[in-house]
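Reading through the structure tokens given below for one structure.
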Ligand code: LLP
């Protein structure tokens with residue numbers, strides 16, 4: 001079946017800014033032709049445009065500072081927890097949000113300033129909290145009353161030089177807001193496992209105000225991910241403003257990314273305006289505002305490269321099967337995220353409507369349920385744009401897949417920042 005791309009679709013526009021086509025019509029990522037990257041690193045590979053991440057980080061940091069000077073943009077590192085990415089964002093001066101001990105360890109290894117760490121988690125163990133306190137984490141976000149009990153115990157046992165025995169904390173508030181996003185990535189509603197509803201948040205605040213070991217700096221709110229309108233962000237600020245005046249308000253992350261031609265997420269500036277307009281009306285003028293973008297910081301910087309292994313036609317379908325799939329991109333299986341795709345050596349023009357599928361033993365292992373590909377052949381290189389967020393983080397070894405390398409590109413140069421797993425890696429933890 002012939003399929004025309006959306007006439008308004010600028011295919012290259014979904015790839016990292018600065019992506020071009022070379023003389024032969026092949027995609028050039030960060031100044032490096034996609035076929036050269038595939039030949040050097042093999043497939044599947046996650047290619048990341050370093051310039052795009054840095055530009056995004058500056059846009060967030062500058063945009064926030066221009067609107068609310070006493071502020072900090074913090075990277076929600078769960079979106080891409082690899083040392084090179086931590087290092088890059090720490091270099092750009094961003095704080096780092098870590099969910100638990102593993103991300104905390106990676107952030108510290110990458111040289112992040114502990115004072116800029118925001119430690120999250122709905123089930124932080126005592127061991128993880130101790131690691132955070134001992135590392136001098138600038139902020140720990142209290143998700144439940146057990147966090148308070150554990151932290152008070154830890155601070156009683158630990159004379160911590162960095163904090164002077166006093167740990168700054170925020171209370172995570174669940175404002176009962178339901179953004180229009182996939183249920184599995186909505187966190188602001190009553191029934192979410194994250195945070196405390198307003199009455200319980202008030203109770204936690206009162207308890208923390210009476211604590212001589214924990215310093216209540218303020219409140220935190222995060223209502224979900226891949227949110228494509230600004231209203232829920234404004235509502236979240238209104239909700240936390242009801243809890244009273246604090247020194248710090250952490251407004252979370254959640255801005256959606258443009259995965260398909262049809263997606264029209266708000267710009268960073270529109271998103272910031274929506275929140276800061278409410279903040280100007282309702283929050284204390286001298287308060288500090290933190291934000292924690294994850295997905296929208298890194299999604300558009302990433303491109304996954306695959307090799308076509310098989311093309312099968314029948315029953316009105318064309319299946320183009322590649323050498324990766326749900327082992328390196330779980331977004332489709334978990335959240336039904338839609339991705340576009342192209343043959344990297346001839347990305348533009350008319351194509352055949354194909355089901356781009358992976359190599360895993362699951363029918364749900366689909367990268368794109370319907371995408372036009374131009375004359376797909378075995379051996380072709382396929383590029384899937386906007387794969388920078390949550391793909392590396394959720395990658396796995398299903399069917400013995402070796403997790404792919406992460407390759408940074410910049411100004412015509414390329415370097416692996418994570419190598420491909422080997423079969424020996426697959427056996428490394430096995431104790432025969
Ligand atoms: N802050 C907190 C407390 C969070 O839980 C999250 C994301 C963020 C910030 C960043 O949100 P973002 O800007 O990335 O939307 N694994 C899912 C996404 C889960 C998001 C979890 N929390 C996925 O693959 O889509």
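Keep in mind that glycine also has a Cβ here, set from the backbone N, Cα and C atoms.
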One of 335, 390, 392, 398 listed by TrEMBL as binding pyridoxal 5'-phosphate at the site of 254, 292, 293, 294, 295:
390
Close in space but at least six residues away in sequence, with Cβ under 8 Å from that of residue 294 (pyridoxal 5'-phosphate binding site), the same-chain residues are 75, 76, 77, 78, 79, 80, 97, 225, 253, 389, 390
State the mean pLDDT for the domain 'Orn/DAP/Arg decarboxylase 2 N-terminal' (53-299).
95
Pairwise CA distance, residue 362 (substrate binding site) versus residue 293 (pyridoxal 5'-phosphate binding site), rounded so that it is a whole Å
32
Using Cα positions only, nearest of the binding-site residues to residue 361 (active site, proton donor) (254, 292, 295, 335)
335
For residue 254 (pyridoxal 5'-phosphate binding site) and residue 335 (substrate binding site), determine the Cα separation and express it in whole Å.
15
